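**Student:** Below: one structure in structure tokens.
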There are 2 protein chains.
Amino acid sequence: MTTTVRPEALAALDAADPLAAFRDRFHLPRDVVYLVGNSLGALPEAARARVAEVVDREWGDGLVGSWNTAGWFDKPRDVGELLAPLIGAAPGQVLVCDTTSLNLYKALFAALALRPGREVVVAEAHAFPTDLYMIEGALGTREGHRTRLIGRDAPDLASALNEDVAVVVLSHVDYRTGALTDLAEATRQARAHGALVIWDLCHSVGALPVDLDAAGADFAVGCTYKYLNGGPGSPAFVYVARRHQEAARQPLSGWHGHRAPFEFAVGYEPAAGIDRFRTSTPQVLSYAPLEASLGMWREVDLGQVRAKSLALTGLFMDLVESRLGAAGVEVVTPRDERRGSHVALRHEHSYGIVRALADRGVLGDFRAPDTMRFGFAPLYLRHLDVWNAVAAMEEAVATRAWERPEYANRPTVT
Amino acid sequence: MTTTVRPEALAALDAADPLAAFRDRFHLPRDVVYLVGNSLGALPEAARARVAEVVDREWGDGLVGSWNTAGWFDKPRDVGELLAPLIGAAPGQVLVCDTTSLNLYKALFAALALRPGREVVVAEAHAFPTDLYMIEGALGTREGHRTRLIGRDAPDLASALNEDVAVVVLSHVDYRTGALTDLAEATRQARAHGALVIWDLCHSVGALPVDLDAAGADFAVGCTYKYLNGGPGSPAFVYVARRHQEAARQPLSGWHGHRAPFEFAVGYEPAAGIDRFRTSTPQVLSYAPLEASLGMWREVDLGQVRAKSLALTGLFMDLVESRLGAAGVEVVTPRDERRGSHVALRHEHSYGIVRALADRGVLGDFRAPDTMRFGFAPLYLRHLDVWNAVAAMEEAVATRAWERPEYANRPTVT
């Protein structure tokens, strides 16, 4: 049982870890246990050189010619192909561009156009809010459509579905609880009612194997700055199943999505294939760290990532329950395998605990009103880190650290 | 007369140039005369250190905490305030975020909502096409609106305006010809008919003084990677006059535009002021060079920029007409002061000439079918560069360089 876990045994697990060598390919500050990789991934060492190459050689020396010679123009497509294997997508179905919110907006219009006569968009009341806000913004420009929220208007997906539903927007992994939805099964359910699904993969890509093609998925979006380590604000991705591309239309129809952008024609004609989901000039510099990181990801076995993720999150939950359960720390994340790679805990004084942990070098995050989240990025975390994090939490809780005045005030941004 | 211009006199002008010292603050490859700064500005030397700071210190060491401690979350607003003086905007009216295309989309919806019952969007048939494509995409999601194109459906702005017009989208400087529209006068004309104007400042910001507040402007958008040297794909800007902000709504309503993004509420409530034009996570790394460049721009006198721009473009047109006019090179750009900082020339063999110039170290660009464009960024170009560029063109034309087989095939992307 986990109460008898010894650090020596964990060190042995770390020594035998087939992913152990990846840790050295990240920059991690000394004496920090970084458990917020589910929000912003750590810096891959290879990113520095790639960024310098883009700035010094491609921009500084290559100047405007680099749009061709350095492949800047094709970044969304080319980096999309680098990412595609991580989400089980055959070539020609993924772009890396814009943000998750914008890509969701595009996918939503495309999906609605594919389901004329259906008026309902199903989403989750517990979705990351930007998904809901983008749906609201999009539907505000259209007559006759309405949302139906799982967790508010209907108890679950099955009861939300009927023949009025055009599109379902689902999170693969819940950003708060870490709960994992069965992607293939939910896709099958929605499609059985004739609805299309847009998957939000923000909290699953790079944390576990995702197989969109095999699931018969329609659309997916997600970000690249969490487990994929693309850096702050690195561009997001959009997946459109090949069978939907020819009929797909989206309103953010900038010149990079045009069939022939350099003809400078007055009228918009969408490019063939996935390129019609491009909008405009890619933020070239923000692709650079992601390119470096995705190069490294080509060496990664996602099965090993998933196994280690389950091991780390499982160990963390076991230790928290056995050592902190009596002190009122509650595990929110599912204990079975229906979870992603972060763990949510609840405690009356979560804010103070997270602050106290930070002062002990253990970084997690706080979500109002009473939740702590800890992400376990399998490429750079060790079993011993889990041990140390729980030990620090025990110490913080035992000393009632939240009573210290410096942990009393919540910042407006957390 | 310009036919008697001597290089010694130009060297004297360069020596007396009050902006001369800025040239050393850019990286310019040796033996290159870079006349494409109207497309992608050169690399400011200060950008390298700022980029390294963001990667190494803010991301690498600061990790997710940098959203607060390094001010990442507020980049759109803070960098917007750095840019605001360059477009004559008092504080609280400018964001730097997303792309020009996306910001135009947002501004268009906001403007349409402010003019209910009016059905027409006036735009220019000769606008940079992405503006037209985004208008087309936006109106495709709305019933009842239609476009009226100056240069196709109406000969000029005056005849395009009537009481049906909700919004007018105008380019301050024409991306092809370099022609400058009188911003204050066109704004007055449109407003006399009750229409709102969205200005596209892509080809004027950093090239000449722009004074949006003084002109009573409504909305403006533009990019930062041309004369402002923000780097490839650096984020764009949007200006919304303060008087319109409270009533303004836009559909790209991501969480960063929410009144309280960290409340994670189910429903969207727009932030007060300009922040409601934010969408989602800013591409932090792509702001870094722009921040460095805008720091430098605070030292720049835009009146000096305009004077030097007119001097360089005027000298170039004089020399081209006197030395190449007889060979069939035609100046397209207005000879009076109604021009921006780039010059368009026309010649049957423009493509071959541009290629031949590149091989002589003079970089310009080609726009089908027969136009050459040359941009004159006043911060890093000299009068002698103009002389050398024209000398190279004379040589290319005299030797009929376009007859060389290596200059025959046009690339698909130019």
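Numbers run from 1 along the shown chain.
Each residue, glycine too, has its Cβ placed from N, Cα and C.
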**Student:** Do you know which of A:T69, A:T187, A:T281 TrEMBL groups with A:T100, A:S101, A:F128, A:P129, A:T130, A:D131, A:D200, A:H203, A:Y225, A:W255 in the pyridoxal 5'-phosphate site?
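**Tutor:** Answer per TrEMBL: A:T281.
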**Student:** Near A:Y225 (pyridoxal 5'-phosphate binding site), which residues of its chain come within a Cβ-Cβ distance under 8 Å, counting only those 6 or more away in sequence?
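**Tutor:** A:Y225 (pyridoxal 5'-phosphate binding site) has long-range Cβ partners A:L40, A:G41, A:G231, A:P232, A:G233, A:S234.
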**Student:** Taking the Cβ of A:F128 (pyridoxal 5'-phosphate binding site) as the centre, count every other Cβ atom within 10 Å, in any protein chain shown.
**Tutor:** 20
**Student:** At the level of the C-alpha atoms, what whole-angstrom distance separates A:D200 (pyridoxal 5'-phosphate binding site) and A:K226 (N6-(pyridoxal phosphate)lysine)?
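**Tutor:** A Cα-Cα distance of 13 Å.
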**Student:** Once near-sequence residues are set aside, which residues in the chain of A:K226 (N6-(pyridoxal phosphate)lysine), 6 or more away, have Cβ atoms under 8 Å from its Cβ?
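**Tutor:** Non-local contacts for A:K226 (N6-(pyridoxal phosphate)lysine): A:G37, A:N38, A:S39, A:L40, A:G41, A:C202, A:H203, A:V205, A:G206, A:A207, A:G375.
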**Student:** Count the other Cβ atoms sitting within 10 Å of the Cβ of A:T281 (pyridoxal 5'-phosphate binding site), across every protein chain shown.
**Tutor:** 25
**Student:** Non-local Cβ contacts of A:T130 (pyridoxal 5'-phosphate binding site) (under 8 Å, 6 or more apart, same chain)?
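**Tutor:** Within the chain, A:T130 (pyridoxal 5'-phosphate binding site) has Cβ neighbours under 8 Å at A:T100, A:S101, A:L104.
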**Student:** Across all chains shown, how many C-beta atoms besides its own are within 10 angstroms of the C-beta of A:T100 (pyridoxal 5'-phosphate binding site)?
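**Tutor:** Taking all protein chains shown, A:T100 (pyridoxal 5'-phosphate binding site) has 26 Cβ neighbours within 10 Å.
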